[in-house]
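Over in TrEMBL, the protein carries these features:
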type: DOMAIN; residues: 37-375; note: domain 'UDP-N-acetylglucosamine 2-epimerase'
type: BINDING; residues: 477, 489, 517, 566, 588; note: N-acyl-D-mannosamine binding site
type: ACT_SITE; residues: 517; note: active site
type: BINDING; residues: 569, 579, 581, 586; note: Zn(2+) binding site
């Protein structure tokens with residue numbers, strides 16, 4: 001004992017309060033016992049160890065061949081807040097006599113239990129040095145306060161993780177009195193290889209249960225919110241019943257609220273349910289094997305987020321009891337476990353998975369480090385602490401709420417008149433939409449797009465939507481590989497050779513996709529509309545202009561120079577009207593909204609548009625809608641114009657039927673319903689018999705351009721495994 005400056009053995013008192021802390025203290029006790037030349041060991045047992053309802057777990061200490069020096073009955077029954085306080089008081093009354101008799105040099109105290117607080121308080125007031133195991137950790141309940149209170153009373157600290165060490169330092173503890181050892185239980189866990197684990201599984205769960213096909217459930221009350229924790233326990237049991245797997249349920253600990261939780265178990269008939277085995281205690285060696293070979297562990301025990309990581313067993317951590325714990329990737333948090341469905345979804349996500357072993361809490365060599373640390377303690381040193389104030393690192397964990405966020409896309413539709421941005425969910429629901437007039441200049445337009453997307457992305461957080469990327473639908477010819485608008489339509493000025501991907505991606509830190517609005521409409525139909533599941537179909541968009549998209553063998557056709565599916569510029573007449581593209585007789589020159597507006601203005605100028613029941617205010621421009629209204633009210637000339645437009649579109653459809661031979665043609669846009677019957681008539685009259693049976697339908701999508709823009713994001717980003 002030269003290192004600690006003492007000429008006698010170190011008298012160590014280990015006090016254990018319950019089954020959980022004994023699993024951490026037992027490896028240290030075994031280590032002390034193997035070195036009798038350095039240590040004398042006294043064992044004090046108190047708390048729930050000595051209560052029949054909690055398994056009389058002191059017997060496992062005797063089975064491990066430890067002599068129990070003192071048994072203290074310190075628990076006041078009642079399992080409520082007052083009973084916890086009274087139990088602490090009773091322990092404080094009884095402990096001084098024991099400590100006066102044993103006169104230990106150092107007392108080893110574990111964790112964050114109210115019993116442990118009584119032990120630390122007694123020892124500190126009696127000038128007995130305290131070695132605290134697992135200080136510096138963060139969970140999320142009253143246990144935090146108790147743990148940190150014990151830290152302030154303790155003289156030496158054994159912590160399990162680097163973050164815990166940093167927390168202790170930031171709590172002003174002397175770095176020289178802190179040992180980063182790892183969790184003592186990991187010394188046993190990482191070498192736990194029981195070939196006869198099947199007999200243990202059969203003993204506790206039945207002969208017909210296979211490894212990885214059962215669940216271990218261990219849930220305790222949260223003393224700071226007992227009512228909520230009882231409700232959460234009810235939801236957990238309901239979810240487990242629905243999940244329909246064999247489940248080993250351990251009774252909760254003795255904290256306030258445990259009595260009510262046991263009532264919930266009995267109310268739901270868990271002890272007699274064929275799928276459940278309800279037990280008060282499982283010996284630690286057997287418990288190790290049960291969780292190591294389980295399909296999943298669920299509850300809020302620290303064992304789930306700490307020890308079970310040694311086996312890579314999937315864990316579902318419920319509620320806030322362990323909210324601040326460091327966890328391996330095997331732990332999925334359900335922090336707001338407020339619905340049965342949320343817990344059930346977590347079970348479906350986790351059950352049966354296998355994760356890599358996590359060594360966050362230990363590498364299997366904690367006990368040798370702790371024994372060396374004990375030997376280094378100089379009993380001649382004063383107990384006064386030193387202080388320092390370092391920063392604390394943040395902790396990031398996986399959370400079920402992130403997985404249950406609505407996976408969404410930001411969709412941008414750049415039209416001739418309006419600029420629209422929407423948050424679109426995976427199911428094609430437009431969660432929120434923003435609309436502004438499309439500015440006339442490039443600079444104003446790009447700034448407005450950025451501004452609207454930033455605002456929408458911020459709003460998405462409030463709406464619990466996870467934005468996966470940005471999709472942009474725009475008129476004109478687009479290079480989707482580079483995200484560049486090569487040439488725009490005349491409706492969108494100053495919009496040629498525009499790189500949309502770079503500024504948006506740089507601003508939002510998200511992937512960006514860009515494509516022509518006709519292609520986007522086709523992609524919208526493929527993902528959300530009537531083209532879903534079809535190998536080959538064609539979409540015609542009837543709006544301000546005429547556009548379209550072609551899906552062949554489930555893929556969108558772009559063409560060698562990104563000019564495929566310019567369906568509005570199929571020529572259907574050699575001497576037809578001028579088109580905006582510079583040609584003559586294009587479908588767009590007959591059937592687009594611009595073409596109909598032009599014809600409507602001609603009629604109006606000749607006083608041939610308005611019929612009885614119609615009027616056009618002086619401050620309102622004549623539009624295609626006025627022509628349609630006039631046709632409905634019996635205006636023969638308006639009807640003739642619409643019929644001609646429909647025939648032009650129909651001839652374009654016939655050309656596509658003869659060229660691509662799709663299984664479906666979808667008419668989209670505001671004019672589609674006015675053209676559908678005329679188009680079908682043209683097909684019957686003009687198409688080859690082999691394609692006359694191809695169906696032509698009107699799209700039922702409200703915003704195909706936005707949905708198509710969103711589909712680019714949702715299709716590509718969700719190909720990766722979440």
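Every residue, even glycine, has its Cβ placed from backbone N, Cα and C.
Overlay of TrEMBL annotations on the structure.
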| residue | record | Cβ neighbours (10 Å) |
| --- | --- | --- |
| 477 | N-acyl-D-mannosamine binding site | 19 |
| 489 | N-acyl-D-mannosamine binding site | 22 |
| 517 | N-acyl-D-mannosamine binding site | 27 |
| 566 | N-acyl-D-mannosamine binding site | 18 |
| 569 | Zn(2+) binding site | 20 |
| 579 | Zn(2+) binding site | 22 |
| 581 | Zn(2+) binding site | 15 |
| 586 | Zn(2+) binding site | 29 |
| 588 | N-acyl-D-mannosamine binding site | 28 |
Residue 588 (N-acyl-D-mannosamine binding site) and residue 581 (Zn(2+) binding site), Cα-Cα, nearest whole angstrom: 9
Between residue 569 (Zn(2+) binding site) and residue 588 (N-acyl-D-mannosamine binding site): CA-CA distance (Å): 6
Euclidean distance between Cα atoms of residue 489 (N-acyl-D-mannosamine binding site) and residue 579 (Zn(2+) binding site), Å: 12
Arithmetic mean of per-residue pLDDT over the domain 'UDP-N-acetylglucosamine 2-epimerase' (37-375): 90
Other same-chain residues whose Cβ falls within 8 Å of the Cβ centroid of 569, 579, 581, 586, the recorded Zn(2+) site, in sequence order: 568, 571, 580, 582, 583, 587, 588, 589
Residues flanking the N-acyl-D-mannosamine site, with Cβ no more than 8 Å from the Cβ centroid of 477, 489, 517, 566, 588 and excluding those residues themselves: 475, 476, 516, 518, 545, 547, 568, 569
Cα distance (Å, whole number) from residue 586 (Zn(2+) binding site) to residue 489 (N-acyl-D-mannosamine binding site): 15
Rounded Cα-Cα span from residue 477 (N-acyl-D-mannosamine binding site) to residue 569 (Zn(2+) binding site), Å: 13
Inter-residue C-alpha distance, residue 477 (N-acyl-D-mannosamine binding site) and residue 586 (Zn(2+) binding site) (nearest angstrom): 17
